[in-house]
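Engineer: First, the structure itself, so that you have it in front of you.
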Amino acid sequence: MSIPQGLQERAAELRQLLNRAAHAYYVLDAPDLEDSVYDRLYRELLDLEAAHPELVEADSPTQRVGGSPAEGFRSVTHRIPLFSLDNAFSAEELRGWYTRLLKVLDREPPSGSPLPALAMVGELKIDGNALALSYDNGVLVRAATRGDGDQGEDITANVRTIASIPLRLHLDPPPAWVEVRGEALIPDNTFAAINSERAARDEPLFANPRNACAGTLRQLDPKVVAARRLDFFAYTLHLPEDWSGERPTSQWESLRWLEDAGFRVNPNAALLPDVDSVEQFFGDWDSRRHDLNYATDGVVVKLNDLRLQDAAGFTQKAPRWAIALKYPAEEAPSRLLKLTCQVGRTGVVTPVAEFEPVSLAGTSVSRATLHNADRLQELDLHSGDTIIVRKAGEIIPEVLRVLPELRPEGALPLELPQQCPSCGSDLVRESGEAATRCVNSSCPAILSGALRHWVSKGALDVDGLGSKLIEQLVERGLVRSIADLYRLDTALLTSLERMGEKSAGNLVAALAQSRTQPWSRQLYGLGIHHVGEVNAKALASAFADAHSLADAAVQRPEAITDLHGIGPEIAQSLQQWFNTSANQDLLQQLRAVGLTLAASDQERQALADRNNGKGHLNGQTFVLTGTLPSLSRSQAQALIEGAGGKVSGSVSKKTSFVVAGDEAGSKLDKANTLGVSVLDEAALMLLIQNSADTIHLL
């Protein structure tokens, strides 16, 4: 059954918005939304992908925990990964989680019987910044940001300035090592004092305590951190398996252990006997949260018994034994100022409402997406309308409703323009589609989007070519197609704003290097409608070059729909794309500047081996952990898969090898426990080269 085009476009939009938000939060250190916005948007994408698994793309934020560490601090690998939490937004979702937990624990009651009671701990979900603290022999040796869950940034010098974090544990004797997780924050009264001091110095004010805390933790000068008086609440404890001291057997005992060790634990945590008590605890704090001296955005619920936690285990992203129950999102009234439009890579025109700034959960909001013409018509927006804005379910907040009783006399209805705001071409809306599009292939906005997609991480992965530089290149007419990127030289680039000779040289080199990217990445980079990273890999595995793919798309579409996971909509999209003369010209231009648009000999051989089960690593499963000396994880994975192997995210008895680098985490410990062979990078390379008799096992 084909997926409605509107759902596919919505999923693509959600992926783009969520990934952009994650990049702003984790890499740029410039958060642009509150958690409730991200949570609801993430849930919408999760529901879409659950209903239509074909929508899952490799770049979907649901496939990962999170984002990459920013530059400027040393990257470190966490001894024990930091997982995300699944979210619930209602009592029904809370009970759904609890029912699933009972099923996993084989405690599901007979049909019609009441749910058995399991003790849980309710903790306030502090709206701060997660930290991972490492103690060796009782001494704080490292503090790191959460990062992507596996790797974070070493900010030990800054964290040492937080008075509520002990530099030495209050234990005698201490365990050989202790891992503590908790939340750094700036209390509201401290935040008010900081902003008052900044105002007196005529400095920009911080938007909210969370942003101020995040920026403070990444200050290069620890004296600045000390002056801002951060606080910390501990909530998770990890101890060595072989420690002979008194070991907590429950989450409640873990919190008491942390208190005894010298940590500040949030005093509002509660031991709750059943799920009804959890609902009462949540409702109580939902009404009382504004009385606290710090922000909270929900309640974290954890199964109390640690043995049951171990039995419940983890999904790929989150523990099954815990959930975050989130407070409802906020709403606020504002006055509509004007309607603007954005043009995306595929030509879709999205209306955006601009209104008087309002504060929602500590952030200033002045724009909200209206999605499409149907939503615009449904809201019946007029100039000057009073609107209700909500930060929920959207990265760019949404207009929830209009208050027509407050509409100014003579206000005119707002409609989508008939012409593209970027190029002036007539806009088109196909029958049955919600989207309105610009179909001018020379539209600057479409070209800019196509260029951003081509150089993105999942495609050609060109470092140093950001959105602002792309806009300059397009505005000056220096780049009129993707192929023109490969005609840029250092002299031309240095004529642009903020582009020095070194940066220009690096960009030219990065573009040259991108010519060697695999055929699947080149195919994905073309931006063909419906062809995401996963589909591009499937197509590239079946068709070794653009010529054979184009021939199949135009002459033999059944050869495409016969592929697993490739439906008629993708086949039709490919047929339309390859039949378009402008795209045929683009392929010729790309070949003229050195792009092969084909699999290399090595790729073809590896593909043939995999398809025939002849790869010498066929049937072998690998797990990667730690930082390898010269290979990134993606490079190591590509090499393993190229030789027929499979890469997994978790260690089990079925794992063939664990490849361990520096600061390998719990996966290495589990490999040793299970007796799984462990390789270093050199051994991996020898194994890939089919010299298994000489490999070095760690």
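Glycine is no exception: its Cβ is also placed from the backbone N, Cα and C atoms.
Quick caveat, the model's predicted, so the values are computed rather than measured.
Feature table excerpt (Swiss-Prot):
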- Lys125: active site, N6-AMP-lysine intermediate (ACT_SITE)
- Asp35, Ser36, Val37, Tyr38, Asp39, Ser84, Leu85, Glu123, Arg146, Glu183, Lys302, Lys326: NAD(+) binding site (BINDING)
- Cys420, Cys423, Cys438, Cys443: Zn(2+) binding site (BINDING)
- 612-698: domain 'BRCT' (DOMAIN)
Engineer: Using a 10 Å radius around its CB, how many other CB atoms surround Lys302 (NAD(+) binding site)?
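Structural biologist: Its Cβ has 24 other Cβ atoms within 10 Å.
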Engineer: Out of Lys125, Cys423, Cys438, which of these recorded positions is nearest Lys302 (NAD(+) binding site) by C-alpha distance?
Structural biologist: Lys125
Engineer: So around the Zn(2+) site, Cys420, Cys423, Cys438, Cys443 aside, which residues have their CB within 8 A of the centroid of those CB atoms?
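Structural biologist: Leaving out the recorded residues gives Val343, Gly347, Gln419, Pro421, Ser422, Gly424, Ser425, Leu427, Val439, Asn440, Pro444, Ala445, Ile446.
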Engineer: Give the sequence-ordered list of residues that share a chain with Cys423 (Zn(2+) binding site), lie 6 or more positions from it, and have CB atoms under 8 Å from its CB.
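Structural biologist: Residues satisfying the criterion: Cys438, Asn440, Ser442, Cys443, Pro444, Ala445.
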Engineer: Out of Asp39, Leu85, Arg146, Cys420, the binding-site residues in the record, which is closest to Lys125 (active site, N6-AMP-lysine intermediate) when you go by Cα distance?
Structural biologist: Leu85
Engineer: Per DSSP, to which secondary structure element type does Arg146 (NAD(+) binding site) belong, with helix, strand and coil as the options?
Structural biologist: coil
Engineer: Is Cys423 (Zn(2+) binding site) helix, strand or coil when read with DSSP?
Structural biologist: coil
Engineer: Considering only the binding-site residues Asp39, Leu85, Arg146, which residue has the minimal Cα-Cα separation from Cys420 (Zn(2+) binding site)?
Structural biologist: Asp39
Engineer: Kindly state the mean pLDDT of the domain 'BRCT' (612-698) in the predicted structure.
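Structural biologist: The predicted confidence over the domain 'BRCT' (612-698), as a mean pLDDT, is 77.
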